[in-house]
């Protein structure tokens, strides 16, 4: 027996399949099918061991040379080739490899190569299901999947809460003073209930007749025809225009008082530390409550006349804003608005779901106002007297000017034109009714806290409460100055986004091409109209309470009171479920909206 025959035998070992690159695969076009490199007996075969023949007397294979070559091939395989994910990543696999599984993977790879020259959309040579290796599938456990790209109910609730609230927070104490202590509470609960019901009706209608990308105008066209669609789009623009006007008035106010604070502090040596921290700037206030206003008037009279001639809140300041705001709203790229708004006040519909900074800053502004009013209320104490009409702290239970509050609340609870979009991100759509109810409850509680706490603690006559409560504080009040600067920054960031929303809706209504959104002439023309409208209101009618209540009553008559009820009745009629009681209830709600609009003209 030869020396080679006396060498110790080694057991046959099966190594992992060698998945080479497609250029060395026998199935590739670069090799003939019968080549030695691509045959099943070669070292590069998929399904057979690398060392096919053991060392024996009948074999001419040199063990040492082939063993070294095997080690080199394995090292190359593990370092250079990408294996299927269902194979282990360690260097050696214990146990035998199923030849059937290996052959299945070979067929899978073969089908992939056949489709390498076709597009994904072409159905030719699609891999049959039985050819796909079973290890490519994952087990399915019912009830454990979580839809991606959705938000929880908590996030949805606070998104609605933060979206509904806006500049009307500053006018809520004034609205309560217009309705009285009892009348204000009743109106808040009543309007909140109606707005919640009509909003919920829009969500239910969208479930029955809407689609993935439908909005209220689309559903209105489908159920009521094109006039309803036009009405929905027009009155949605009314809300946005009203918001831009209110924002411009507030920006002018905040800018004026912020500059006035620094001017008074650094140019006048006047000690105002002992002055009262509350004002009554109303023109028809009783003389007994005019001591603070007289002091403030003396302070202003001592200042330079030229300063107030060129720095006037109702004439020059609205014009000063133009060179700062006009470039911002003239940007043609939509990405700029969303990124710019992410550092300012929240407008939840247009912030991405992961942009929590936008949500956080909007929430901080609300909590700052709550803390501001709570601090002032604690300093003032309770100043409410419901029994003595001649008392300086007389607090009426009911006022005949209550429609001013109802019109304001129609805008304060308004979310109807975007509620479908907001609720689409809810992870659990079956909880939409619950989440919407909780959100409206939080909004109502916030309005009650801000409105009634300020109203019952205000130390002067309740008629002195301004539609912007910050006007009841002098320019040197530190907390008021902080609030003005903070809110000014937020309004500057949110105003360009609202203007862009108007641009999109106007161009879509006019059926302009998509390129018009980035064309200079149409953008400049529309922005000129918006800015001129805002400046005119800021100069001639700088009353945010009046603007808000008329905007709310006009748009609310359509969006809040009428459209949801009509859509619901038409849907019931198509299903043969419309009853006389349903008709009676859902025709009385639009009647309330019409009365609310007409009543606004009697509270001038």
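The count begins at 1 with the first shown residue.
For all residues, glycine too, the Cβ spot is worked out from N, Cα and C.
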Students should find that the transmembrane segment stretch in TrEMBL, chosen from 230-250, 251-271, 272-292, 293-313, is 230-250
What are the helix, strand and coil residue counts for the domain 'Amino acid transporter transmembrane' (152-270) according to DSSP? 105 helix, 0 strand, 14 coil
Can you name the far-off residues of the same chain, 6+ from the ends of the transmembrane segment (435-458), with a Cβ under 8 Å from a Cβ of it? 153, 156-158, 160-161, 164-165, 169, 172-173, 175-177, 181, 184-185, 188-189, 192, 195-196, 199-200, 203, 278, 366, 369-370, 373-374, 376-377, 380-384, 395, 409, 412-413, 419, 423, 426, 464-465, 469, 472
In the same chain, which residue numbers or ranges, 6 or more beyond the ends of the transmembrane segment (316-335), come under 8 angstroms Cβ to Cβ? 248-249, 251-252, 255-256, 310, 492, 495-496, 499-500, 517-520, 523-524, 527, 530-531, 534-535, 538-539
Leading contact stretch, 154-174, 180-200, 230-250, 583-603 vs the transmembrane segment (478-502) - CB distance under 8 Å: 230-250
Paired segments the transmembrane segment (583-603) and the transmembrane segment (230-250) in contact, 3+ CB pairs under 8 A: no
Please work out which recorded stretch in 180-200, 230-250, 402-423, 523-541 has the most C-beta pairs separated by under 8 angstroms from the transmembrane segment (547-571)? 402-423
